[in-house]
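Here TrEMBL flags B:25-45, B:95-116, B:128-149, B:182-203, B:242-265, B:285-305 as transmembrane segment. Residues annotated as domain 'ABC transmembrane type-1' in TrEMBL: B:91-306.
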Amino acid sequence: MKKKKIAMQLGLQVLLIGASILAIMPFLYMLATALTKDTYTMPNPPILIPKEFYTGNFVSAWTSNSFSRYFLNSLFVSLVTMVLTLAISTASAYGFAKLRFRGRNVIFNVYLFSMMIPAVLALVSQYTVLNGLNLIDTYRGLILLYISGGIAGNTYFLKGFIEQLPNDYEESVMIDGGSRFTVFSRIILPLCRPSIATLAILSFMGTWDEFFAALTIIKTASKRTLPIAIRLFQGQNATQWGLVFAAALIALIPILIIYITFQKYFIKETDDGGVKG
Amino acid sequence: MEFSDRLKKLNSKKNKYSWSETRDAWLFTGIGVVLFLVFVLYPQVKNFYMAFTEYNILPGQPSRFIGLENFRTMFISDGALGESKYFWVAFKNSLWAVIITVPGQLILGVMLATLIHNLTRGRLLYKILLYIPVISSWIVVSVLFKYIFQDTKGALVNYALIQANLIDTPIAWLQNATTANIVIWALCIWKGVGWVMIIYTAALQSVPKSMYEVAKIEGANAIQTFFKITIPLLKETTIYSIVQLTIGAFGIMIQVIMITGGGPMGKTETLNSYMYSQAFSQFKFGYASAVSIVMGIVVIGITLIQRRAFKEGQ
């Protein structure tokens, strides 16, 4: 019986090691190729373990191809979007969860309904709206689009959490002469910290990777974010493998750092605070 | 101000909403509501209007109302300039993407989740590793797949297949419609399996152990337990996953634009990528809106059918 169990565990380990290799191998290939000199022709056989540690591709992408600039652009857009998203979503969620006002249910149901419709379908008309407001080719336009697109989902996500908080705290603050803004900043926000952290991570990563709105709205080369820069760079340097891979890895590194640092938010080791999607 | 306050007080007997609470509520929710109205709801509504026009993007220029012309072009136009054949190719590709990638991700993801669930050591490590494709940028993994599926002998996939003696000569993956679509599907499945795995490992943990113990005492084997206990208990998770994966499959666009560019001959275009290129390469905004509306109806229709089918199966 015990032998059978050990054999089963061994089998599971083998299968999972195989699956993990399939998941990771393309990235190793990318890293090893980016660390190899002169990859104008396709390396044959493919390189999976770097034989040398040539950083020239990274240096070239970062300096002579302006990827440092695009990196900072992406960082700026993602951070501003994240901060504004958190401010607006937490305030909205508190309003919908705890305050009673006319139209609350109607508006919230419209939020819910809008979540059923794939957001990308509105990109064409969103472009015409931004065009009408002279917001094409501006970060303001891009960031407004990112924030607005997340409002319904984020409000829904946080509202569920805030609703569960007892009303007693609130009442005691109000009796002591505090306003609802005191309640919000002193009680609600601190209690929501785990959900806010989840939202911050999701917002940052979503914006960092966003491709189509950025591609459509940003026209000036110096304003590009990383995903668009990679696309155009790949088009111009199609045969310079190492260089393209180095550029792509530059975009991937912050995401990996966030992922490894906050992995418990992603992989649901516990039942609460997990990230869906 | 005073008058309005008194008016509010007067009304408050009929009206259960207090003025100060309403004011605060709008201070908290107002910005969000306005942004939502301007940049989400209004564009969705405007989309419907645009679909019936030959939309002119220049500000101040009128857009011509053309009735159902955009839909006619999409569905039944023919001849040398007939757009409908491109639309139908994109339509079919989107449906195929759903038919192949949704079960593909679901089955592999559930299998991995089951393996991990029964593991005594190393669960966390495998979860972390298998989730890396999920968190990676679409743009990065699309570039990566474009290269590992190149047509040369040294490209990773061809190299592996040749080494395994499965093929003699390298396959020109991206030059042929079927194989190019396979690459796009493979990317979807490879990137999405980890997501399903995480959802199901969490769900499996929530199944009470006592159920399995009872099954064991009653003499059920592992396969019977899986189909009679695990699957029915995880129905909610399954509906949620299928709907999300379906919406995701209809969202396929970056892969097409980055890997195949819609080619060869527009044969790997999906509804989404077709809509995008009609708007922003051909500048046919009205037509693109019409395509997006058809797509919206198809997506919502299919996901409703999926929900209904599962509810009835209970």
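Heads up, the Cβ atoms here are built off N, Cα and C, so glycines get one too.
Long-range contacts of the transmembrane segment (B:182-203) within its own chain (CB-CB distance under 8 A, at least 6 residues past either end) are made by residues 96-97, 100-101, 104-106, 108-110, 112-114, 116-117, 123, 127, 130-134, 136, 138, 141-142, 145, 149, 173-174, 234, 237, 240-241, 245, 248-249, 252, 255-256, 259-260, 268. Note on the transmembrane segment (B:128-149): residues 112, 155-158, 173-174, 183, 186-187, 190-195, 197-198, 254-255, 258-259 of its chain, located 6 or more positions outside it, place their CB under 8 angstroms from a CB of the stretch. If one looks beyond the transmembrane segment (B:285-305) by at least 6 residues along the same chain, the residues whose Cβ comes under 8 Å of a Cβ in the stretch are 47-48, 50-55, 57, 63, 66, 70-71, 73-74, 83, 87, 94, 98, 243, 246-247, 250, 271-272, 274-276, 278-279.
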